[in-house]
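Everything below concerns the one structure shown next.
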Amino acid sequence: METWQELKVTVKREGEELVSNLLIELGAQGVAIEDSLDYVGNVDRFGEIFPEVEQQEEIVVTAYYPDTVDVTVVEVDLQARISELTDFMDLGEVKMGTTALAEEDWADNWKKYYEPARITHDLTIVPSWTDYEATAGEKIIKLDPGMAFGTGTHPTTKMSLFALEQVLRGGETVLDVGTGSGVLSIASSLLGAKEIFAYDLDDVAVRVAQENIELNPGMENIHVAAGDLLKGVEIEADVIVANILADILIHLTEDAYRLVKDEGYLIMSGIIKDKWDMVRQSAESAGFFLETHMIQGEWNACVFKKTKDISGVIGG
């Protein structure tokens with residue numbers, strides 16, 4: 001019987017997606033997240049701030065490797081990669097531990113962490129293997145969390161989904177920059193966008209996004225391609241959404257302003273508290289006006305608008 005190895009990495013919550021992605025890059029066949037916080041308060045109107053909730057600082061990212069992989073080498077490589085990123089994000093004291101599993105344990109273990117999750121008023125994320133009956137008006141996003149890039153329930157993703165739900169009215173062109181799992185593209189299609197163009201620099205992300213899109217019927221209007229932010233893109237959009245690190249977002253804003261139509265929106269998430277002012281200044285310098293600022297814990301998300309009428313924007 002083939003055996004598997006379970007590598008558990010304890011890290012600050014801010015590092016969930018980063019560590020998950022690094023583990024996949026280092027050969028993990030699946031990842032699972034243990035998090036004490038899986039909650040966002042209801043938002044009744046656009047622009048309302050999410051409530052603070054009591055939470056533990058650390059989460060556990062569990063990665064699964066076949067026994068042919070030397071996990072001690074993975075641990076060394078992971079620690080080295082994390083050390084290179086300490087200037088961008090405080091991951092706290094990173095702790096690691098390994099356990100051997102039988103094949104049937106692997107098949108069951110990682111799935112137990114994932115259940116259907118109602119993320120916004122309209123959107124529910126459902127693991128691909130789960131039978132789920134939607135209620136009236138509920139829109140279902142099927143994802144395979146074992147493919148990497150998390151489950152779509154991370155605070156940065158949740159706030160991105162809230163923002164999309166509020167700005168999309170139907171018929172828009174959307175650019176999804178750093179698509180990852182493809183969850184924001186799928187949501188955009190469900191919320192009525194006419195065409196969605198999704199880009200990611202990572203070939204793994206491009207493949208994963210395409211596979212997740214194929215789990216959801218009627219997604220022929222989503223086009224996935226490799227791309228470095230918006231370099232070389234000439235498609236004008238009503239909405240651009242990017243859930244990536246703040247230090248990367250600041251290199252996006254000028255191209256975003258060039259491509260967003262008048263009265264269009266730039267949604268940005270993945271911004272830790274200490275980087276918020278930097279991102280805001282970058283967007284405003286490009287010509288955008290801040291319409292909405294959302295906060296959950298250490299995370300910030302925002303909606304900027306390209307407009308000449310500033311009466312409805314913050315400070316207008």
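Placed from the backbone N, Cα and C atoms, the Cβ positions cover glycine too.
What Swiss-Prot annotates here:
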type    : residues               : note
BINDING : T157, G178, D200, N243 : S-adenosyl-L-methionine binding site
| message | Tell me the coarse DSSP state (helix, strand, coil) of G178 (S-adenosyl-L-methionine binding site). | response | coil
| Tell me, how many other CB atoms lie within 10 A of the CB of T157 (S-adenosyl-L-methionine binding site), whichever protein chain they belong to? | 25
| Mapped DSSP class for D200 (S-adenosyl-L-methionine binding site), helix or strand or coil | strand
| said: Using DSSP and collapsing to three states, where does T157 (S-adenosyl-L-methionine binding site) fall: helix, strand or coil? | reply: helix
| For N243 (S-adenosyl-L-methionine binding site), the number of other Cβ atoms found within 10 Å of its own Cβ | 27
